[in-house]
Amino acid sequence: MLDEVHEECGVFGISYNQSAAFNSILALHALQHRGQESFGVVTSNNDKLHSYHFQGQVSSVFDDIDEIKKSLPGDCAIGHVRYSTSGSKFGVQPMFGKSGKFGDFAMAHNGNLINISPIREQLIKQECVFQSDIDTEVVVHLTASGEKDSFLESFIYALKQIQGAYSFVAINQEVVIGVRDPSGIRPLVLGKLNGSYVLTSETCALDIINAEFVREIEPGELVTISSDSKLASMFPFPQQKSSFCIFEYVYFSRPDSIMENRSIYDIRKEIGRILSEESPPKNNVDMVVPIPDSGIPAAIGYAKHSGLPMELGIIRNHYVGRTFIQPTAEVRKVRIKLKFNANKHTLKGKNIILIDDSIVRGSTLGNIIVMLKDAEVKEIHLKISSPPIKHSCFYGIDTPECKDLIAANKSVEEIKEIIGVNSLAFLSIDGLYRAVKEEKRNNAAPQYCDACFTGDYPIGK
C-alpha cells in the first residue's frame with residue numbers, strides 16, 4: 001500500500017521492570033509502522049508519573065536515549081505511537097488526567113470511539129477543559145470526573161460509557177491496566193519478560209525486548225498488574241460477538257507478528273497463493289513483481305504457486321520519512337520518485353504480474369504504473385491481494401471518505417483504465433477468509449470486521 005491509508009496507533013505497557021523506559025522506547029520502535037508521526041512514554045516510580053513526548057519517529061531520539069531514560073524514572077511504563085495529520089503536541093499520547101480521589105493517571109489507546117461527540121458536549125457543560133480533539137481525552141475526563149473511589153473502578157465506569165474499537169493501556173502509581181473492546185476489533189497481546197508482564201499491540205514488540213508471548217487479551221477482557229507484579233483478569237462488559245479487524249492480516253500488522261496463533265507472514269503468502277488460483281497468470285507473463293514492502297509476502301505466495309520467478313522490479317528507498325513531503329496531490333509524483341525506483345535492467349521488455357495489497361484512492365498507484373512504463377515494461381497485469389475497499393473505517397484506521405475511494409465509485413474495468421494496466425484482479429472476500437480462517441465468510445455472522453470491504457459494520461459507525 002502506497003501510504004494512502006494509515007493505522008492510527010500502537011500501544012505498549014510494562015510492569016515492574018528496572019528498564020521500563022528503555023524497553024518501552026525499543027518496543028515503540030518495533031511498533032513504528034502503526035504510527036509514525038509522534039510517540040510518548042509515561043513511567044511511574046510509585047509516587048509520581050513522568051512523561052516524555054516527541055513529535056517524530058522513535059529512531060530520531062536514539063542519540064539522546066541516556067538523557068531520556070534519566071527523565072523517566074520508575075519500573076512501570078506505558079507508551080504510544082500515533083499517526084496524525086494534526087501536528088498538535090496536545091494530541092501526543094499517553095494523555096494525563098488528575099482526580100481528587102485517586103490522583104494522577106495516564107492512558108493511551110489504539111482505535112476509534114464512535115459515540116464521543118455527545119459525551120464530549122456533556123463534559124464541556126460540566127466545565128471540563130479539552131486541549132485536543134482526541135477521543136482518548138474524553139475517556140480521561142470521564143475517568144477523572146467519575147464518582148468511583150479508585151482509578152480502576154473509575155476507568156471501568158468510563159469505558160462503560162463509550163462505544164467503538166479500542167485497546168487501552170493505562171497507568172497510575174499503583175497499577176498498570178490493559179483492556180480490549182468487547183468486539184476485539186483492535187489487537188492487544190500479553191507477554192512476560194522475566195518477572196515483568198508486558199502489554200502491546202503486536203508480538204513484534206515483544207521480540208525486540210526478548211519478552212515471551214503469553215497469550216492474546218480476549219475481547220472485552222481487562223487485565224491489571226499490581227505492585228507485586230500479580231496479574232488479574234476480569235470481563236466487566238456485556239459480551240459481544242468477536243469482530244477482529246481482518247485488514248490487520250492484509251496490511252497493518254508487521255509480517256513477523258503472530259495473531260490468533262498464526263504467522264502474519266504465512267497468511268500473506270497464503271493470500272498470494274489463493275490469488276494465483278482465483279486469477280492465474282497468462283501464458284506470456286515473465287515474472288511476478290511486488291510493490292515493496294507490503295506486497296512482497298503475497299508476491300512470494302503467488303509466484304511459488306504459479307511457477308513464475310519473483311523479481312525485485314521496484315526498489316524502495318527506506319530513508320524517505322513520511323513528514324519530508326506532505327501527501328498533497330501536487331507532489332505525488334515527486335513522492336513516488338523519492339520513495340520508489342524501477343529496476344530498469346530487470347523490467348525492460350517484460351510482461352509482469354504486479355502485486356500490491358490494496359487500492360485506496362488509486363492515484364499513487366497510477367504514478368507507479370507510469371514509472372514502470374517509463375522503464376519499458378511491456379505488459380502490466382495488476383493483482384490486488386485484498387477485495388476492493390469500498391467503505392470507510394470508523395474503528396481506528398485513517399481511511400478516506402467513500403467519495404474518495406476509487407472502488408466505491410468505479411468498476412474494476414474502469415479502475416483498470418484509470419490506472420493504466422493491461423488487466424486488474426482483486427482477491428475475493430471468500431478468498432481472504434480462506435487464507436485467514438481456512439473457511440468461507442459467514443455472511444449471516446461474519447467472523448471478522450471486514451466493513452471496509454463489505455460495508456457490514458459490526459458495532460455501528
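Here the Cβ of each residue, glycine as well, is placed from N, Cα and C on the backbone.
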Additional site residue, Ser294, Ser306, Ser411 [criterion: listed by TrEMBL with Asp356, Asp357 for Mg(2+)]: Ser294
Further [4Fe-4S] cluster ligand in TrEMBL, beside Cys393, Cys449, Cys452, within candidate set Cys245, Cys402: Cys245
Distance [Cα-Cα, Å, rounded] between Cys393 ([4Fe-4S] cluster binding site) and Cys9 (active site, nucleophile): 14
Alpha-carbon distance [Cys452 ([4Fe-4S] cluster binding site); Asp357 (Mg(2+) binding site)] in Å: 14
Whole-number Å value for how far Cys452 ([4Fe-4S] cluster binding site) lies from Cys9 (active site, nucleophile) (Cα to Cα): 18
Alpha-carbon spacing, Cys452 ([4Fe-4S] cluster binding site) to Asp356 (Mg(2+) binding site), which is rounded to whole Å: 17
Mapped DSSP class for Cys393 ([4Fe-4S] cluster binding site), helix or strand or coil: coil
